[in-house]
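Listed in Swiss-Prot for this protein:
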type: BINDING; residues: 35-37, 41-47, Thr231, 261-262, 269-271; note: ATP binding site
type: BINDING; residues: Asp67, Tyr212; note: L-glutamine binding site
type: MOTIF; residues: 34-44; note: motif ''HIGH' region'
type: MOTIF; residues: 268-272; note: motif ''KMSKS' region'
Amino acid sequence: MSEAEARPTNFIRQIIDDDLASGKHTSVHTRFPPEPNGYLHIGHAKSIYLNFGIAQDYQGQCNLRFDDTNPVKEDMEYVDSIKHDVQWLGFNWSGDIHYSSDYFDKLHDYALELIDKGLAYVDQLSPDQIRDYRGTLTRPGKNSPYRDRSVEENRALFASMRQGEFAEGSACLRAKIDMASPFMVMRDPVLYRIKFADHHQTGSKWCIYPMYDFTHCISDALEGITHSLCTLEFQDNRRLYDWVLDNITINVHPRQYEFSRLNLEYAIMSKRKLNLLVTEKIVEGWDDPRMPTISGLRRRGYTAASIREFCRRIGVTKQDNNVEMAALEACIREDLNDRAPRAMAVIDPVRVVIESLPMGYEQDIAMPNHPNRPEMGTRQVAFSREIYIDRADFREEANKQYKRLVLGKEVRLRNAFVIKAEHVEKDPQGQITTIFCRHDPDTLSKDPADGRKVKGVIHWVSANRSLAAEFRLYDRLFSEANPAAAEDFLSTLNPDSLVIRQGFVEAGVPAANTGEPFQFEREGYFCADSRYFSPTHPVFNRTVGLRDTWAQRAAM
């Protein structure tokens, strides 16, 4: 089954099906309109998957349009990163990239049309006064004293705004709708404000910039969008969307439909809060692998396929709900279980000397790159008299449930020999530094000849032919499921969201490309870090563990 065939139906697809069946539309045209003031996150991925996926499935078009109406917060850095993220996720936009700034001249003309119709006026209340005059949900607003200016005066003042004759915040253009409306968005919303800032597309041509609600609907209409898909927080804004299009001379009137935004547990989606994490250096940047940004997830080792599958599974509804982080982790775990080659790495190493092997002993052992995919081939892994195992895989004493190496007992080394721990060596602090063992020479990749059962299997690397590596063990950035609900979201940070360990990895792995995934056996899924990895200093990021340990912790 293809990815498109696997997509579940939803209320938006039902609307589209009905529109096509009735002849209301003969084709489908959607758009993804991010503001270039930050990096895309997993919530945007849901919108990308919905808008581009619908266009693909209905053989329609999807525009990438940058809602670039606030030059103070926007930057080409974000434009470039958004384009990269969309394409990395597996989608391509129709035709050229669009910018809301492409339509600044037309938007200005439509603003003049509203002024000429007596439906817009220049207001000189201060921003604080405008907020006060707007009222509250329980108290109606009151009219601005500037509301009833003549068309001629409003035209002249609007021209003065454009010519830079007003200071920022001293004047704005507002729609004349209804200050007593039960919907706050309809209480004479601001259409244009003054900002003396160069724009990344238009330079210094403009010092007045249109607001989102005025720009968005007109841009949709100019591009021939048939289905304008927004998240639920824009539900009330639909009234303004329709009001603007109903009151200007334009031939196309798209319809806006709202769906629930993605609320992912143990994460935040607020750009302001994410920016605070970056500026306060709580994380090392927007691509920190603990961030919910697409660039952060990519650097951590998430694949585009796993993110698309996550978006498919959570579906599209009109009800806000919280999605468990485990659902996202399950998607990458399943994807990497199928595609990631296996390798061995020891993250918390302790030295093992197999005394029954001769000094200088080495042997190459053939190991499958994937237990269920023989077409992925095999690799040669060096085995030697001295190896490293994980410190957690040895105890001097243990109960019967412990199936690893115990003093005086046996364990199997993965794809190698059965060994038995004889004695240990410790440092002055009592820390074990070396475990001395003997091996059964007849057990190389096979069971003991006498029929005895050796239940435990542990991984290892050669001490002589492995390479020192850094392992970054990433976990959830927050320790509470809903950090945004906390009075101070920073108080919910998980102190163990990053643990750095120094260990060893089998010799062939450091030749990996950055971002290339591996399953380090018994440890989890890792990838070569795109920022710090080099063949002489390999750095690996843990993408996800082999199982959901958070669920286990919650059950305790």
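Positions of Cβ are set from backbone N, Cα and C atoms, glycine also.
Given the structure is predicted, the values throughout are model-derived calculations rather than measurements.
Annotated features taken from Swiss-Prot, shown on the structure.
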residue : record                   : CB count, 10 Å
Glu35   : ATP binding site         : 17
Asn37   : ATP binding site         : 17
Ile42   : ATP binding site         : 22
His44   : ATP binding site         : 23
Lys46   : ATP binding site         : 23
Asp67   : L-glutamine binding site : 19
Tyr212  : L-glutamine binding site : 15
Thr231  : ATP binding site         : 15
Leu262  : ATP binding site         : 24
Ser270  : ATP binding site         : 12
Cα proximity to Tyr212 (L-glutamine binding site), best match among binding-site residues Glu35, His44, Leu262: Glu35
Whole-number mean of pLDDT values that fall within the motif ''HIGH' region' (34-44): 96
DSSP residue counts for the motif ''HIGH' region' (34-44), split into helix, strand and coil: 3 helix, 1 strand, 7 coil
Asp67 (L-glutamine binding site) to Thr231 (ATP binding site) - Cα separation in whole Å: 15
